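Annotated features, as they stand in TrEMBL:
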type: BINDING; residues: 11, 64, 74, 75, 162, 195, 213, 214, 223, 224; note: substrate binding site
type: ACT_SITE; residues: 73; note: active site, proton donor
type: ACT_SITE; residues: 73; note: active site
type: ACT_SITE; residues: 222; note: active site, proton acceptor
Ligand SMILES: N[C@H](CCC[C@H](N)C(=O)O)C(=O)O
């Protein structure tokens, strides 16, 4: 199987263009686990298939490293947008990508050589609370409490198509993201599990961000998580509508437009291309 690897702020995936190679199996959760394995496979935060689409210019599906399929992936979308433009799947700088969470608009920004420098994705509208994120705890509304590891945590439930639990902390480097994030990600109150974000407000247009991703663990960046975090904080009046998010792997520019749509701008990088011997 022919694959290519890309990363966006260190959030890295194995990509397969299903129109340009044969897949060793159609059990995609199994394939995602195998290619993500850093010792027996290629090593990544998950698997992304680039597919034909009836409703957009390009289709994208994403599986986490544990084989669970996610509804969307912001960093993956920027990588797919760069791939689609530079490898001729689209012939314009503005195009659409279909995800399980719906169709999104993509725009690539070129350098003088015509290579993609930055990618902007309209990630759609955030939805909040126990109506938007699968939750079976006792709370109602947007902020819920979770007991994990003997401590209680309060966070905001946000959906960007996929579920997020966003917690405000004083300093992200003081958080045990691995253990606290891991305990909340698989907490029984979240029947479909949840992506867990820890954020601290530096200024009204700048936040620090760490993430424990559903199905992949601690990653360097999470685009949907950055969007979820900015919208949760903006709703509380803690940040404005245009925020720089400092993730472990680098910065994302998040903007909440008048119509509520969340626009994400950031890099996407090629790593390698190759043949996977299943
Ligand atoms: N890294 C991705 C998020 C993957 C989401 C996945 N972990 C899930 O929702 O299960 C991003 O940049 O948005």
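Even glycines carry a Cβ here, placed using N, Cα and C.
The substrate site, placed at the center of the C-beta atoms of 11, 64, 74, 75, 162, 195, 213, 214, 223, 224, has further neighbours from the same chain whose C-beta lies within 8 angstroms: 70, 72, 73, 76, 211, 216, 219, 222, 225. Classification of residue 213 (substrate binding site) by DSSP places it within a strand. In this structure the C-alpha atoms belonging to residue 162 (substrate binding site) and residue 73 (active site, proton donor) are separated by 8 Å.
Every protein chain considered, the tally of other Cβ atoms within 10 Å of the Cβ of residue 213 (substrate binding site) stands at 29. There are 27 other Cβ atoms within 10 Å of the Cβ belonging to residue 162 (substrate binding site). Of the listed active-site residues 73, 222, the Cβ environment within 10 Å is emptiest of other Cβ atoms at 73.
Of the binding-site residues 74, 223, 74 has the largest number of other Cβ atoms within 10 Å of its own Cβ.
If you take the Cα of residue 74 (substrate binding site) and the Cα of residue 222 (active site, proton acceptor), they are about 7 angstrom apart, rounded to a whole number. A C-beta separation below 8 Å, combined with a sequence spacing of at least six in one chain, links residue 11 (substrate binding site) to 45, 75, 76, 219, 220, 221, 222, 223, 249. Calculated from their C-alpha atoms, the gap between residue 213 (substrate binding site) and the residue listed as 'active site, proton donor' amounts to 11 Å. Mapped onto three states, the DSSP output places residue 73 (active site, proton donor) in coil. As a whole number, the greatest separation of Cα atoms within the substrate-binding residue list 11, 64, 74, 75, 162, 195, 213, 214, 223, 224 is 17 Å.
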